[in-house]
Amino acid sequence: MTAAFEPWNETRGAEIIAEHANQEGATLVILHAIQEAFGYVPEAAIPMVAQALNLSRAEVHGVFTFYHDFRHKPAGRHVLKLCRAEACQAAGGDVLAARAEAKLGVSLGSTTPDHRVTLEPIYCLGLCATAPSAMLDGRLIGRLDQNRLDALVAEAQR
Amino acid sequence: MSLRLFVSRDAGAIAVGADEVALALVQAAATRGVAIEIVRTGSRGMYWLEPLVEVATPQGRIAFGPVTEADVPSLLDALASNTPHLLRLGATDEIPWLKRQTRLTFARCGVIDPRSLDDYRAHGGYKGFERAVSLGPDAILNEVTASGLRGRGGAGFPTGIKWKTVAQAKADRKFIVCNADEGDSGTFADRMIMEGDPFLVIEGMTIAGLTVGATEGYIYIRSEYPHAVEAMNAAIAAAKRGGYLGDKIGGSTSSFDLEVRVGAGAYVCGEETSLLESLEGRRGIVRAKPPLPAHHGLFGKPTVINNVLSFAAAPFILAEGAKAYADFGMGRSRGTMPIQLAGNIRHGGLFETAFGATLGELVDDIGGGTFTGRPVRAVQVGGPLGAYFPRALFDTPFDYEAFAARDGLIGHGGIVVFDDSVDMRKQARFAMEFCAIESCGKCTPCRIGSTRGVETIEKIINGERVAENLALVEDLCNTMKFGSLCALGGFTPYPVLSALKHFREDFVPAPSTLQAAE
């Protein structure tokens with residue numbers, strides 16, 4: 001299942017910002033909401049957030065770039081996240097990550113040229129007793145092995 | 001009469017197919033014309049048995065697991081005809097792994113419906129709050145202090161002292177902040193309790209609010225935990241409807257309200273001052289202390305900031321009294337610790353027990369060793385900033401001071417098990433790499449030191465001037481340990497130095513190995 005994102009639209013962006021601007025410390029809340037709607041945080045949104053919160057553009061840009069979650073451009077149609085933290089390393093995660101990279105022909109942190117799959121590392125999904133684990137478009141998968149991984153990669157490539 | 005079944009909705013159970021099993025049960029029951037009711041609970045914490053299916057009987061719940069979709073028809077047949085089934089585990093409460101535990105904080109987790117305030121109340125929920133209301137702030141503080149509860153996030157700071165400091169601070173607004181940015185690999189207790197017993201966290205935070213005179217609270221949950229976010233939001237809405245959040249809560253004269261905020265993938269935001277910055281909408285840059293958050297916290301106001309498990313321990317302490325809690329444990333580590341067994345482990349999951357069990361008991365006896373069946377070689381205790389322990393130190397009791405005495409830490413209680421295929425050079429390198437990725441950049445030892453650490457360990461791995469570079473790494477670790485502003489840079493040396501100390505053979509190959517490699 002792919003989340004359908006809206007194309008960037010300034011009016012819609014302004015609406016989303018206005019909806020949350022009155023919350024205390026709203027910057028992250030707004031950036032999350034923008035990304036949820038558009039799939040990433042368009043550069044044009046940064047000055048709009050700054051204006052609404054009475055902050056400088058630099059401050060909002062600083063927040064945007066500090067956090068790993070916020071995307072500068074849209075991800076692939078599917079996002080496959082592989083947990084790369086210690087518990088998953090202990091359970092054979094290194095081999096599986098290398099296998100996923102080889103199958104997709106991209107390294108962790110990049111998107112396939114056909115824009116179908118973004119492969120990303122994630123540092124802990126909290127599924128450490130059923131490691132190694134992964135997340136495909138928000139769906140959790142534990143006890144990953146080669147077969148399960150191959151099936152996930154195939155599903156993501158569809 | 002309809003069959004009453006329990007299937008977990010915990011993310012760890014869902015990741016291994018609990019949703020599919022629940023759906024298959026509904027469909028199979030419908031085709032057979034059997035009436036069933038499925039309660040989606042939290043997890044009991046026995047992850048090697050998930051998806052676990054429990055059935056209510058007059059003698060208590062009977063467990064089956066691990067159940068796959070394919071097992072569902074035969075399972076329903078066995079239940080209908082009351083005949084044995086291969087996956088039958090017997091009475092859930094009698095499963096030795098569960099029976100050996102002392103579940104004070106996790107008593108309800110896996111038992112109740114986490115969406116139901118009524119179920120929570122029917123199982124002793126809000127008893128602690130009610131007693132707290134009748135006691136008043138000073139007496140609550142006495143109870144929490146006497147219980148010996150220490151911050152469960154890792155630092156182990158006495159909770160009673162923290163709350164007292166905020167209670168004594170004068171301000172127009174005060175805040176209660178719950179740190180649910182559980183980023184340590186090998187830990188999932190916060191996630192489990194938020195998903196399995198979210199009202200407990202709300203009750204604990206509400207008690208803290210009553211104690212210090214705060215009327216607003218935030219729960220900062222990491223974005224990697226969408227199920228926990230959903231569970232907490234649902235519970236907050238239910239508590240508001242039920243009169244347990246908002247004005248004049250639970251029939252008292254006090255007000256308290258809560259809001260969930262979601263992180264954005266920064267590990268350092270688990271550090272309390274960085275978390276406060278993030279809550280205020282800024283980069284998660286660590287603040288210098290003092291001033292302490294208790295005096296100058298969220299939005300500059302006095303703030304109680306505690307880990308999920310610290311708040312979750314408070315309702316028991318208030319309901320049953322400080323002594324009931326403090327009677328468990330050893331030395332200055334009182335009460336119970338929800339220990340998380342993870343990584344390459346046969347019986348992984350959440351094991352809540354009094355402080356004092358040895359590392360060996362936890363890993364070998366309770367955890368059952370590795371799932372690969374190979375010998376356990378190393379365990380990392382306390383997350384990415386915790387030390388690696390070899391088997392030789394398996395007599396270390398699980399206790400804040402005992403781990404510190406052996407240059408380790410218990411942190412948030414996670415134990416990650418590695419078998420003998422582990423390359424400790426890689427693990428030491430990863431510790432530095434992780435610090436480099438996640439450093440907030442404010443202080444030089446952490447920001448630059450971690451990157452230099454990665455480079456130097458790579459030289460060691462490549463066999464370049466090994467002895468010289470090993471000395472350099474040790475020196476660098478000391479600089480990071482004593483010169484960093486927070487635990488990220490300050491504790492990254494723990495996994496690195498422990499790997500160097502206890503697993504020296506991985507870094508300095510024996511001459512014979514060198515020859516073999518040539």
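Heads up, residue numbers simply count up from 1 along the chain you see.
Backbone N, Cα and C atoms are what each Cβ position is placed from, and that goes for glycine too.
Note that TrEMBL annotation is computational and uncurated.
What TrEMBL says about this one:
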- A:Cys83, A:Cys88, A:Cys124, A:Cys128: [2Fe-2S] cluster binding site (BINDING)
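A:Cys88 ([2Fe-2S] cluster binding site) falls within a helix when secondary structure is assigned with DSSP.
Here the Cβ of A:Cys124 ([2Fe-2S] cluster binding site) has 29 other Cβ atoms within 10 Å, regardless of which shown protein chain they belong to.
If you take the C-beta of A:Cys128 ([2Fe-2S] cluster binding site) and look for same-chain residues 6 or more apart in sequence within under 8 angstroms, you find A:Ala85, A:Ala87, A:Cys88.
In sequence order, A:Gly93, A:Pro121, A:Ile122, A:Tyr123, A:Cys124, A:Leu125, A:Leu127, A:Ala131, A:Pro132, A:Ser133, A:Ala134, A:Met135 are the residues near A:Cys83 ([2Fe-2S] cluster binding site), counting only same-chain partners six or more apart with C-beta under 8 A.
Its Cβ placed at the centre, A:Cys88 ([2Fe-2S] cluster binding site) has 33 other Cβ atoms within 10 Å.
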